[in-house]
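Take a look at the structure below.
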Amino acid sequence: MPAATLTPARIQSLAASFGTPLWVYDAATIRARIKALAAFDTIRFAQKACSNTHILRLMREQGVKVDAVSRGEIMRALAAGFVAGGELSEIVFTADLFDHATLATVVQHRVPVNAGSIDMLHQLGAVSPGHPVWLRINPGFGHGHSNKTNTGGEHSKHGIWHTELLNALAAVRQHGLKLVGLHMHIGSGVDYGHLSEVCGAMVGFVKQAHEAGHDLQAISSGGGLSTPYRAGDASVDTQHYFGLWDAARKQAEALLGHAIGLEIEPGRFLVAESGVLITEVRASKNAGRNHFVMVDSGFSELMRPAMYGSYHAMSLIPADAEPRPLLATVVAGPLCESGDVFTQGEGGVVEPRELPQARVGDLLLIHDTGAYGASMSSNYNSRPLVAEVMVDGGSERLIRRRQTVEELLVLEAL
Ligand code: LLP
């Protein structure tokens, strides 16, 4: 989020009005990221990155469509005004399996299904002949910012293994399902050096489908575009990215003999940089060589450092004008877990960070938390979910109120 949007005075006022911890999103940043991908026919937001219905509405106002990976995400998309049904549906359901309730919802709303297993095609075909489907293919290789976000290759549970494509197409035909397109998502935080390999694989799959007598309307390049988290990280070259995929699309069109659509399915790229987490310093302590600063949010809010060793930039907003020398600091949260540390690398090794000396009452801003921040939060240690606010120019709007402990307990009042 641009520093000019969130001045220290505004951060203090947001914290005073809405409390901490607090997720804040900047609408202007989201709109700018959407614009950067305008060359694609369809931008389909992978809402798992940030599924607040107000964010979804903002996306829809900008002409963005949406991907859903659960019944809950389908219901969120519908609540935000997205319309399901037909090959050009605004909502697509992507998964590797159906639970019973989700299958029923998909059929009820005729949400096209991006199938990651042949069993899904049989189960859908049995109850909804003619249903629009995409095939998600695992091309046999993938990339990710962490092993946990690499979704291609034989270690990955995702997608239909590439040598099974003809069997999947046979299942499509057997059930009279309507093939819309082919899809690949090989991971999050992908290495762009391999992009031409990915595009080449897609053209090969279109060729196989065509030769097996299938037609299709679109291809999807999936998501995975990386975003800068550290100072000096490069931003993705969206023109280069589009250019490679557009060339693949043209080769596919030459095979099929007609024009097809080109989709992209980003999550992180659209929202990561729009978001910050505001948290308050509540304690500090020394333990041997380490200086700990303890804040009022933990991995119950922002899971990424504990889960992947992810780096998030931080800035201190001091509560007073006292000088603050730089100190090697371990930033930790309130949870009863030694891994509840925001400054750690993969494997859980604590990585102290140079930060201005923090005092109780200061605010700490954790940057680039718009993607996989709030959406991966939990109620661990019986901590209620945190409030979310959207800023848009001068306006500030609560887009999710803070959960209460009473709301947690009510589920158990049987
Ligand atoms: N499409 C599919 C089928 C996906 O599985 C995902 C992400 C995306 C699109 C969007 O990927 P993105 O553009 O956001 O990289 N929790 C991890 C990321 C897991 C992503 C899961 N799937 C993180 O915090 O980095």
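Cβ coordinates come from backbone N, Cα and C, glycine included.
Where the annotation comes from TrEMBL, it is an automatic prediction and has not been curated.
The pyridoxal 5'-phosphate site recorded in TrEMBL comprises Glu265, Pro266, Gly267, Arg268, Tyr372 together with one of Gly213, Gly224, Gly309, namely Gly224.
Sorting the binding-site residues Pro266, Gly267 by the number of other Cβ atoms within 10 Å puts Pro266 first.
Other than the site residues Gly224, Glu265, Pro266, Gly267, Arg268, Tyr372, same-chain residues with C-beta atoms no more than 8 angstroms from the centre of those residues' C-beta atoms, the pyridoxal 5'-phosphate site, are Ala46, Ala49, Ser188, Gly223, Leu225, Phe269, Leu270, Ala371. Of the listed binding-site residues Glu265, Glu337, the Cβ environment within 10 Å is emptiest of other Cβ atoms at Glu337. Among the record's substrate binders, Arg268, Arg304, Tyr308, Glu337, Tyr372, no two C-alpha atoms are more than 27 Å apart, and one pair sits at exactly that spread. Between the C-alpha atoms of Gly224 (pyridoxal 5'-phosphate binding site) and Lys48 (N6-(pyridoxal phosphate)lysine), the distance comes to 12 Å.
Of all the binding-site residues listed (Tyr308, Tyr372), Tyr372 sits in the most crowded Cβ setting, with the most other Cβ atoms within 10 Å.
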